[in-house]
Amino acid sequence: MAAGFAVTSENRQYSGRMTPFVILSCMMAAMGGVIFGYDIGISGGVTSMEPFLRKFFPEVYRKMKEDTKISNYCKFDSQLLTTFTSSLYIAGLVATFFASSVTRAFGRKPSILAGGAAFLAGAALGGAAVNVYMLIFGRVLLGVGVGFANQSVPLYLSEMAPPRYRGAINNGFQFSLGIGALSANLINFGTEKMRGGWGWRISLAMAAVPASILTLGALFLPETPNSLIQRNNDHQKAKAMLQRVRGTADIQAELDDLIKASAISKTIDHPFKKILQKKYRPQLTMAIAMPFFQQVTGINVIAFYAPQLFRTIGLGESASLMSAVVTGLVGTGSTFISMLIVDRLGRRVLFIIGGVQMFISQLMVGGILAAQLGDHGGLSNGYAFLVLVLISVYVAGFGWSWGPLGWLVPSEIFPLEIRSAGQSITVAVSFLFTFIVAQTFLSMLCHFKAWIFFFFGGWVAVMTVFVYLLLPETKNLPIEQMDRVWREHWFWKKIVGEGTDETKLDGE
């Protein structure tokens, strides 16, 4: 079997409804997505601003403004510049493993609080930076904040949400991420026009706003019933919280499943060792594959470096920042659509539709750039507009598929005994490949040129086939009964064993 507690073969549904208490709690927790999205959006914008480049990266500024021989694709190729962007993600990679212990031992709420506080400190340091070392250290603190928030917030959302609304609530994390990125793009567009060349300081320091909301709001967040049972074994307090969260007194069936799951989790001293067992092979595979595929969609080409990309094809500074705003609006809107339909259509349908959409648009962008953009000069206005439209189509495909679902699916498939460890692996893999893409993209753009889009398009084709063959549908199924989908799947049942009416406690 794939989980560690007894379940029946029927798909049992719990009582309860979507309460204002759940909505408000999850809105506050989802601010963790806002701080992540803000940082993703802000870094690409400020690194395209001329005053920022002149102060911290003068060599890049010189290549962009004065070197007429250098290729369009190589103007921003600087390892120091990419270190500014990528340092956050290597810090987040390390922080998420500490966050796993905090989340497991002290609860989801303290981990969210720690994330907000670290991000607040990083925002202050970045806004006040006087040299590149101070700038990068601020990014490291931001990474610690994002590491804690990304580890705890998706768990919090999945555990608080009623099963039939879990997709919509959890997709709120990606929607919040989109709101953060869009806000950053708008702020960058505004601050770039400021006289005196210090607009980038406002852009970096404004990250303190969502971080402050998250930090203060975390003080008032309730702890999830799952965490109350896991940490304190306080069934009465967990029962009262569950009744409040679900808006009904009829919560005994869900409470019983939570208690069973917690009993198993307390027998696990080494969850990272436990998750390597054969019965958790499907969950471990998804914990690694989903965040890996999410990063090699190529979305960070747009998320981190959209302004640089648009400048590469010949747009000016303001036009490039405005184009980033457009793609941010498209991404946020498509994620909102995903929130509305994910629990009706299911995860697999959105993955496949989004994958096909991204694949086609990436091939078309790569074809246009290969045919029309040389090493010097730019695209005509017509082709530049067409590229912007196709990139928006690509962003929309990501926005209702791999963007939100890349976080949703891993957060809902782990049994409680390995949940914190599984989420940490998911976040760590995400940060690792985000770091790799962020650190290497500008160099890859210089060497691959237009073929960079064919490279990422190939990965999109692979991941779409992966979902079609290996990802079972998980919509509307309670988290504590999630082991059923693996025991009934054509491939995974060969590894974890086919289901029976009642499974053994250990599933050995």
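Using N, Cα and C of the backbone, Cβ positions are placed for all residues, glycine too.
Owing to the predicted nature of the structure, the values given are computational and were not obtained by experimental measurement.
As recorded in TrEMBL:
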TRANSMEM  21-42  transmembrane segment
DOMAIN    25-475  domain 'Major facilitator superfamily (MFS) profile'
TRANSMEM  80-99  transmembrane segment
TRANSMEM  111-130  transmembrane segment
TRANSMEM  199-221  transmembrane segment
TRANSMEM  284-306  transmembrane segment
TRANSMEM  318-342  transmembrane segment
TRANSMEM  349-371  transmembrane segment
TRANSMEM  383-403  transmembrane segment
TRANSMEM  424-445  transmembrane segment
TRANSMEM  451-471  transmembrane segment
Inset, instruction - Could you tell me whether the transmembrane segment (318-342) and the transmembrane segment (383-403) have 3+ CB pairs under 8 A, leaving out pairs under 6 positions apart? - result: yes
Legend entry - Recorded stretch that, among 21-42, 199-221, 318-342, 349-371, 451-471, has the most CB pairs under 8 Å to the transmembrane segment (111-130): 199-221
Legend entry - Cβ contacts the transmembrane segment (349-371)/the transmembrane segment (199-221), at least three under 8 Å, sequence gap 6 or more: no
